[in-house]
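Structure, as structure tokens:
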Amino acid sequence: MEDPESLGFEHMGLDHRLLQAVTDLGWSRPTLIQEKAIPLALEGKDLLARARTGSGKTAAYAIPMLQLLLHRKATGPVVEQAVRALVLVPTKELARQAQSMIQQLAAYCARDIRVANVSAAEDSASQRAVLMEKPDVVVGTPSRILNHLQQDNLKLRDSMELLVVDEADLLFSFGFEEELKSLLCHLPRIYQAFLMSATFNEDVQALKELVLHNPVTLKLQESQLPGPDQLQQFQVVCETEEDKFLLLYALLKLSLIRGKSLLFVNTLERSYRLRLFLEQFSIPACVLNGELPLRSRCHIISQFNQGFYDCVIATDAEVLGPPVKGKHRGKGPKRDKASDPEAGVARGIDFHHVCAVLNFDLPPTPEAYIHRAGRTARANNPGIVLTFVLPTEQSQLGKIEELLSGDSGAPVLLPYQFHMEEIEGFRYRCRDAMRSVTKQAIREARLKEIKEELLHSEKLKTYFEDNPRDLQLLRHDLPLHPAVVKPHLGNVPDYLVPPALRGLVHPHKKRKKPLASKKAKKAKTQNPLRSFKHRGEKCRPTAAPS
């Protein structure tokens, strides 16, 4: 039930164009962080806001930022076009996401407000051309912004009025401390600033001293995750590693988990092991690999959000592992791209309409659990989190329970009522599938994905034109078969379905595939060997003898 005293968007004094964009996004009322932060920001106050993942923090700073920029252009003196707002985020994916949200909110004032994202690893010359047009809002990671400031592609000292630091609790742990301190030297002495964070830690306090001036602190009295009426959280104890694979197979193949799902594991190798295991049973899934280029990772997320596939396997090891301070940050060509913090995607990325989060591997820290679970039950949508636990992981599970239960002490991770003995008939199938997914198969699968990226890389297109033999070597290499797929494993005989589920699940029913493109149909009809149909010679009627 809506609080009658809560403040709606229409009562915040927002520009009618922003209100129209908010309506188009389907937001009937502001979230708690938006309701509290937007009026204070419009009063010109600095903000230090903490709110849980998925609570609408991006819009909480984007709406007042756009309102202040529009108001200045409408009522202030005519001045030269310049960069007025800077948004700092820890990763390239978050920069792309922030830019997208700001552009959606500015849809009806796109002529007045221009937004540029300079976080992508593009040529500096092309980004320089964008910055020379002096967009109103610039979004990027601290390292990329500092690089453009040092090259004089971007000048903020005389024009910037607003600074936003999103996911502030991650910036220092990602090794951006030195970049931030250097970047602040290029900013004016007076500006309004917003710090948005999911947690308050020592890094956030240090940022507060560097960036904010007499801020208002919003520490909302809300749980870090939605309540049980919106988010259901379960844990299931698996006696062995084999039991985890068996249970996951049953949940997905028998459609006990429906809708779009995120599967979290702790290492990239485990991601591919799980994907190859699921492929044995014709269960499609893709791996969100931090080693792949930004464009490829964003394309995976985009297709997942559009419903092209229902299952993504991800890891937060790159993002939520041990903190990496700036002075120890790796430099040079030997730096591992997979551990590059700007390549991480587990925290803060907006996966749309995720119905379930499956922690196939127990999160390494309680905070990691919070951020994984925050990918579902966003806004007012329901969600479920299911965590697989081995007997040796009970102590770590207890730490997660302690963080979730808080002062009440009431259990939050409820036991998932599942009788493993009912799916024992599937064990031999899972055992065979696990046996076929060897380390060599995993290595070949990763190699195959990298080769495909090379073939589709825009940057390498010119190289392959000059060196066609290298392209032929890639294309004519032996076909990779990461695991021996047995077609019959894609079907589930009725006698193997647990008695309690017979008639309720339809394991034979496959997801409807999109119709073949017109181009493919045309190619088939133009191929005489594929389109020719021999019907035999028809007997001609003969004239009756006279």
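Each residue, glycine too, has its Cβ placed from N, Cα and C.
When Swiss-Prot is compared with the stretches 7-35, 210-238, 413-441, 471-499, the one noted as motif 'Q motif' is 7-35. For the motif 'DEAD box' (166-169), the DSSP counts in helix, strand and coil order read 2 helix, 0 strand, 2 coil.
When the binding-site residues Gly54, Gly56 are compared by the number of other C-beta atoms lying within 10 angstroms of their own C-beta, Gly56 comes out lowest. Note on proximity: of the binding-site residues Arg52, Gly54, Gly56, Lys57, Thr58, the one nearest Thr141 (phosphothreonine) is Thr58, by Cα distance.
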